[in-house]
Amino acid sequence: MAELLAIKWDDNRDKLILLDQTILPNKIEYIEYDTAEDVYDSIKDMIVRGAPAIGVTAAYGLYFAAKVAPEDNFKNFFKYLKEKSAYLDSSRPTAVNLSWALKIMESKALENKDKDVKEIKSILREEAKRIHEEDIEICKAIGENLVTLLKDGVGILTHCNAGQLATSKYGTATSPMYLAKEKGWNFKVYSDETRPRLQGSTLTALELYEAGIDVTTITDNMAAMVMSQGKIDAVIVGCDRIAANGDTANKIGTMGVSILAKYFGIPMYIAAPTPSIDIDTKTGKDIPIEERNPEEVTSRFGVWTAPRGVKVYNPGFDVTPHENITAIVTEKGIVYPPFEENLKKLFEK
């Protein structure tokens, strides 16, 4: 099978091409986008998902908005751009990469406010492409730092999908797995199914399996059993937002995995691009948690799995307390506790 990439850019036709992740692993289909409104829908409906991939997608979305923005003067152009930026930012509130990418695009426009609006539009096009390329470099660097914490023969547990399908390439949590394979290591990955959207089984297992990596899918409630059997040496997950104190928002179920890892004395590593670290958010209590459609819990593949009308609580994310985390691994280096102090130092480098 050809390499699965979540995001592609067609430079000749000025189109964003996204892998439809809602139908994996049964079908592999790509959808083309060229409007901010359609990009909004792609993020909201989880055709594209994963904090880094969402950020890159939003940057292209704001470029599409810029293409049709007023050209009479910068004031009207930027007013329109700000409105569309807020619109795109509302698509999924938990992933900080979304607002990060949009702010970069806004800042780039402001930096060039004295130029002709048509020229600014071209500049924003190149900036979106730069954000895309930078994400690839960040993911590879995270993997290079993470692999130093592992060794040949390691057993790894991961939750949700912080893989190549959640980023522009390599992934964050999966990046060291690809690099370990390149080194010829013999290792095993256990991928939590990740209810209710099943990203662990439909996405992580798919991409690792296609890459020839030894991966075993387990249901979420099997994690404790696998840990108790000594099969797990490290837990590696991604993140959607990290607060200043190290509290980490990630896919629902991650907090439970961290509690189990702490009980069994297994290191818990967060693979984190620095854009996912939100120093302005003091603790996990300040992170907004998206609540999703109840039918994600009560039905699957067109079949009801619970009584119709039953009450449902369906948060998309939970927050792992910083005290359960062994290290936060970024493209700039490995951050150990105390996180509040050391995360600040990271941004001073």
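Even glycines carry a Cβ here, placed using N, Cα and C.
As written in Swiss-Prot, here are the features:
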- Asp240: active site, proton donor (ACT_SITE)
- Arg49, Gly50, Ala51, Arg92, Gln199, Asn250, Lys251: substrate binding site (BINDING)
- Cys160: site 'Transition state stabilizer' (SITE)
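Positions of Swiss-Prot features highlighted on the structure.
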residue	record	Cβ contacts under 8 Å, 6 or more apart
Arg49	substrate binding site	Gln21, Ile43, Asn161, Ala166, Gln199
Gly50	substrate binding site	Ala6, Asn161, Ala162, Gly163, Leu165, Ala166, Thr167, Gly238
Ala51	substrate binding site	Ala95, Val96, Asn97, Leu98, Ala166, Gly238, Cys239, Asp240, Arg241, Pro273, Ser276
Arg92	substrate binding site	Ile43, Lys44, Ile54, Leu98, Glu290
Cys160	site 'Transition state stabilizer'	Asp192, Thr194, Gln199, Gly200, Thr204, Val237, Gly238, Asn250, Lys251, Gly253, Thr254
All-chain count of other Cβ atoms within 10 Å of Gln199 (substrate binding site): 27
Additional residues surrounding substrate, by Cβ distance to the Arg49, Gly50, Ala51, Arg92, Gln199, Asn250, Lys251 centre under 8 Å: Ile54, Ala95, Cys160, Asn161, Ala162, Ala166, Gly238, Asp240, Gly316, Phe317
